Structure formats: structure tokens, C-alpha cells
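Asks: This is the feature table in TrEMBL:
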REPEAT    105-140  repeat 'PPR'
REPEAT    204-238  repeat 'PPR'
REPEAT    305-339  repeat 'PPR'
REPEAT    407-437  repeat 'PPR'
REPEAT    509-543  repeat 'PPR'
DOMAIN    724-816  domain 'DYW'
Amino acid sequence: MFVPAVNSRHVWRFPQISRVLWRPYNSSSVEASTYDDEYRITCIDFERLFRLCHNINLARCLHGALMVSGNSQRIHLSTRLTNLYANLGASALSKEVFDWIPNKDVYTWNSMISIYVRTGRSRDAVRSFYQLVQTSGVRPDFYTFPSVLKACDSLTDGKRMHCWVLKLGLVRDVYVAASLIHMYSRFKFTDLALTLFDEMDFRDMGSWNAMISGLCQYGSASDALDFFTEMRLLGVEMDAVTVAAVLPACAQAKDRNVGMTIHVFAVKHGLADELFVGNALIDMYSKFGRLDDAQRVFDHMIVRDIVSWNSIIATYEQNGDPLTAVEYFNEMQLCRVQPDNLTVVSLASAVAQSKNCENGELVHGYALRKNLMFDNVVVANAVMDMYAKLGAVDSAQIVFDQIPAKDVISWNTLITGYSQNGLASEAIELYNQMAEFEEIKPNQGTWVSILPAYSHVGALRQGAKVHGQVTKNSLCSDVYVSTCLIDMYGKCGRLDEALALFCQGACDNAVLWNAIISCHGLHGPGDTVMKLFDEMRSEGVKPDHITFVSLLSACSHSGMVDLGRRCFSLMQAEYRIRPLLKHYGCMVDLFGRAGLLDEACDFIQKMPLKPDASIWGALLGACRIHGNVDLASFASDKLLEVDPDNVGYYVLMSNIYANFGKWDGVRDIRSLARDKGLVKTPGWSSVEVNNRIAVFYTANESHPQMGEINYYLALILPRMKAIGYVPDFSFVLQDVEEDEKEQILASHSERLAIAFAIINTPPKSPICIFKNLRVCGDCHNATKYLSVITEREIVVRDSNRFHHFENGACSCGDFW
């Protein structure tokens, strides 16, 4: 055992405790100049000494005094010393003292089990219980089980504890029964918890609180509120614990009225001043999006702990106000409150929303300095997610590589980061690496992460395999997984499969409706999309802002200007949805594609929001379609103000100048992009043939069948011209001779992919091509003629939409 190096003559030299080491029996004894050491020892006032030990050094002195005085064998003093060490954060010393106690009673065992629970050592607590019942000869009592039941991290241990409770006849004790209720609720066995509750002879407030809390956290929020209502009808008064337990249920059930009523009750009965009640109120108002109410609760709190600060920071972070969240983090530090893991998680999310890369590096550095990065994988995952959302995927990869014990969320986060940043191939490669680690089991988040990557590259076969795994894991009913599957099939050209999945899902969910509407918007004319929208409304499903983005986009790509105007008005007038920049961008695109450039400019000037790159980009794209160089130059200047590092806008303006033969303008724009170090995204097209995906880049001769492809294109060109094809040299963006221009058009990636598919697939079988950029007008025209000559359906998905070519016509009606 650990024994403090203290003797009887030196114990008294600590001034903080020397005054209370012995009891003065009379005035003469106090005035005496010397005392016999043995008499001093017998007169030590341990009661007062325990109260004054507020640090580990004083506790060691007290420990020494107990040893020297021979009192270390007294159970109640040794047990108290065990608890003292634990309260001072020295649980290892607690265990040494505990082990030295010769004849432990149940109070001693209960204390040690409780210490393990308080310090998060659940398995040690359970092991201590088994040691108590198997080797000590001491019977557990009703104080033993509330602690050890909290420590049960498996249902098997919980059921064993329940058996001991029954064996010892303690099931009728209200505290033990409440602990069993909470344990079963924690393992989501709310039926068993309810049975125990119903069998209780007497139910106190703690029993009701346990049942309400269990249902809220692990069962059904609506059931928790029903229990709360029954409790009130039976006249059981609420306490602060009840309020803190039921407020999260109000947030989950989205019952703001009940939540505010409980808040009023808490204020009226003086419960709102309780720290944990205030924290619960902030969290509830945050879930309702009522920032002002959450702020008022926070401002009126007399005492705030780390949970209070985390709650107010998360409130602003989760409700789209990242700057205020960061301000509260700074204020928290000024108040000398030490941030914890949850603080850094919220801060990382706030910085990601603010799109401030410099602050992202500061958050990363702070987490490293405080040793929060790798002790807790949650923090590392949050920092990785932050970098991914800031577009710094390389930094996210570095964090991922440094995590010593990656969990499935670590993999999901980086896969999502690659996918959302347009790096679908990297996301797929990472997913394949994840499959090599047997201990990492894919979950719902994994499927939601990887399916968009398969959608992006058109990897139908791999996406179908994921569908099989999802079905095997019984996750087809999950709304997010179902949405991703619908999106995958739709974007891979399988609209029938997407529609079949939609019909199998819960049609009362706006998310699924949005997915199927978006898929049809990519494929077909706008009137089909509007029929789906009308059907959605007739089913009583309320559209949201995402629904209207899909509708306006479909109207734009189908040239339905009047219908687009009606949708934009309907969104605001009937559904009270305030337009976002995405909606304004769709409207500018709608007017621009239809040639209403003046109306598009007027619409931008009257916008209540400041136009961003998407707005000016839509106007610039329309200028390219309709050849308005002057307006294009104006839109380009605006674009370079708000997004000077997007190479796509430089390319678009360069193409506009090239279309009109303004080669000086082309050189100037390209030189400006080159000076900024910007590199044009290469155009590529992919096609799946014989279960393998072939990728072609424009003017790239590296494919092994390139000779056959060029021969076929040269052979088919005269036949195309014979039935009306005329090369459109305006899509050649180089100042070269006409014969070279014809060769350049034939080397476009979509033309190469189509020729490869024709060569390597059976006659008259359909072909599906995926292109990362917008299909050029000449290739669009050429593909119509190829569909006639080859008698095939040729489907091309570009960055905007699907083009279904058949019998010389395209599903887009030449309007895209």
C-alpha cells in the first residue's frame, strides 16, 4: 500500500491544519508549552481535518496522521479517506486505500463502486460488484445498485444486476426500481422499463423522472410527453429534474407550446435558476430556432458552467450564425472557462460555415495545443470535417492520416469531403480502402457518403452493389439512404428504378419528393416536373426551399418563363418561404436562357440580397448563349470581384471572346488566369463497357484503342454530313485553320467516348455517357445524327442535365 512519508513530529508543521490536529480539553491544556506526542495523536480532530483538506498534499498529510495514530484500520475513516482522494482527482490512491482496508463493509464497497462510476471507469465498477457478491461475504444493499446499474455497458450485465435485485428482495425499493428503469431505457428496452414502472407499489418523483428521461433519450419523445401529462394529472409535482428531463422531449416532438409552458412553470416556482434547467432551456430554444429566447435564458443565468457556454455557442452555430458563435467562444475564454471537446466541435463547425480558412487553421492549432485532437477521435473528425467544408481536402487528408484510432465516422467524413468537393474518384478509392479494414463496419453514414460519388461518375454497377448492401442491412427505409439511392439511379440514367424506389418509400416526406422531382428535372421537360409537384401538394406534403430550387431549375432548362415566375411567387405567397441566393440564381438563369437579358439585369438590381458568384455566373452563361459581349464583360468584372479564384469564369469569358473572334481578349483573360496560378479543369467523359469504366479526355491519344476510335470517326463523318450535319466552328476556341477546327471538334471527349462505345457494344444497344462539363453545341448536334445512323439511344449526362438522343432528336428540345 502507498504510505505517505510523514512522521508524528512533522505532521504538525503544516500551518493550514496544525490548529485543528487535536482537541483542547481545557484551557490549561491549551496554555501548556509542550505535549506528549502520544497525547497529541489521541486528540486529533479528524472530523474537522477532513473538512479542511482541499488539496492532495493536505490529504496526504491526513493520510499520514491516520497511519501514525493507528486509525487507518477504522472502516469509516478509511472509507472517508478513499472518497477524499477520489474527490481530489486521485482515484488511484483511492484504490490503494480501499485495498488496504481489512474488513470492508457494504458502505466501503458502495463508495468504491461509486468512485469508479464518477470517474468513468464503468468496467471496474461492474468488476467490483462481482467481487463484492462473490468473494467478500458482504450483501449488497439498496445503495449499491443505483451506482452499479449506471455502470452497466451491456444488457447482459444489466440483466444480471436485475437478477441480484430480485434475489435480495430490493425490487420494491423506489430508488433501485428507478435505476432499473433508467438502465433498460438506456438499452432501448422501454417496454421492460414500462413494465417495471407499472409494477411499482409506490412511485416518487424520481421514478417518474427516470421514465420520462428514458423515453426522451432512448424511446419516443411523444411517449415522454404523454407520461409527463399523466404525471401532472395524478397531481405529482414537478421538480428541477423533471423540467430538465421533459424539455428535450418538447424539442424532439417540436411542441413549442408545452416547452414554453414548462419554462413559465420553472420561473414561477424558482426552478429556472438551477444550472442544469437553464442549460436545458437554452438547448430547447436552440432546437426551435428561437435565438432571442435562448439568449435571454443565458443572460439571466446567475451561474454558468462549461455546458452553458457550449449550449449558447452551439445555438448560434446550429442556427446559421457562425460569427456570433465564434464571438461567444472568445468571451468564454475571457471568463477563464476552459473549453472542452464539445466546444471545439461546435467551433470547428462554425468556422466551416463562415468559410474562413485562416480561422480553420487557428482551430486546428488550438486543438493541438490543448491535446484535444487525438485523445478524442470526435474532435479530430470535427476538424477534418471543417477542412473538407472549407475546400481544403488535402488538410483533411493529413488530419485523417494522423488519427491513431480511426472510427467509421472518420472514414465517412473524409469520403463525404472528397465527394462534396467534386473528387468522386478519390472518394471511391477511399471507400475501397475502408473495405480492407474488417473492424470498420459501414453504416448509414457510409452509404450516404459514397452514393453521391457513384452518382457523379455514373458508376451504376457499384451503386447497385451498395443498394444490395443497404437492403441486406435493412436500411432501405431510412429516408437519407433512400434519397441517395433515388438520386444515384436518377443521375445514372435509370429513372424507372428511381421511381420504383420512390414509390416504396414514405411519400409523406418532402425529402423523397425533392429527390424524385430533381431527377425528373435532370431528364425530362418541365411539365413532367410540375405534374409531380402538383401530386406532391395533393398528397398534403409541404414543399420546402429545396423543392423550389428543383422546380425553378426545371423551368429554366425547359424555357418555361411564365411557369417559373408563378413558382417563384407561389413559394413566397403561399408557403412563406423567403428566397435564398439559389432561388434568385435560378430566376436569373431562367430569364437569361430565354434571352430576356434586360429582365435578368433588372431582376438582379431589385434583389434584396447581395448578388454572389452564382448570380453573376448565371448572367455570364446567358451572355455566352446569346452572344452579348458587352454585358458579358460587365458580368465578368462583377464575378472577379466576388470570386476571383474560380477558373471556370475565366474560361467562360475566354470562350465568349473566342466565339466572336476577339483573340486579343482571349489572350488577356488567359494571361490573367495564368498569373493567378489558375488551371482549367480538363473536360472528360466516361462510359461503362463490359463492366469497366473508360475515361476519355479531350484531344488525349493515350487510350489503347485510339486508332480504332479515330478511324471510326473519320469513316462516319461523311455519312453524318450526307444527312445534314454541318460542323459548328464557333465551338472551336483556337485561332486555327478550318480543317484543324474539324479535327479539334472530333477530338472532344464525348465524341471519343461515344465512338468507343459504338465499337465495343452490340449493334443498336443503348449507350450512356457521363461528362463533367457542359456538352458543347456541336457535339450535341453531332450526337443527334449519330443516333440516326447507328439506330441507338444515346444518353449523355453533362454538368447540367441528361440528354436522351433518339432518332435524331434530343429530350432537351435543344434548350439546355
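A Cβ is built for glycine as well, from the same backbone N, Cα and C atoms used for every other residue.
These figures come from a predicted structure and were not determined experimentally.
Neighbours and distances for these, please.
Replies: Regional average pLDDT for the repeat 'PPR' (105-140) in the model is 88.
Nonlocal intrachain contacts for the repeat 'PPR' (204-238), taken as residues 6+ away from its ends with a CB within less than 8 angstroms of a stretch CB, comprise 174-175, 177-179, 181-182, 184-188, 190, 193-194, 197, 245-246, 248-253, 255, 258, 262, 265, 269, 271.
When Cβ-Cβ distances below 8 Å are used as the criterion, the repeat 'PPR' (305-339) is approached by residues 275-276, 278-279, 282-283, 285-286, 289, 291, 294-295, 298, 346-347, 349-354, 359, 370 of the same chain, each at least six residues removed from its ends.
Listed by sequence, the residues of this chain that lie at least six past the ends of the repeat 'PPR' (407-437) yet keep a Cβ under 8 A from its Cβ atoms are 377-378, 380-381, 384-385, 387-389, 391, 393, 396-397, 400, 443, 445-446, 448-450, 452-454, 456-457, 459, 462.
Long-range contacts of the repeat 'PPR' (509-543) within the same chain: residues 479-480, 482-483, 486-487, 489-491, 493, 495, 498-499, 502, 550-551, 553-555, 557-558, 560, 563, 571, 575, 797, 801-802, 804, 811, 813, each at least 6 residues beyond the stretch ends and with a Cβ under 8 Å from a Cβ of the stretch.
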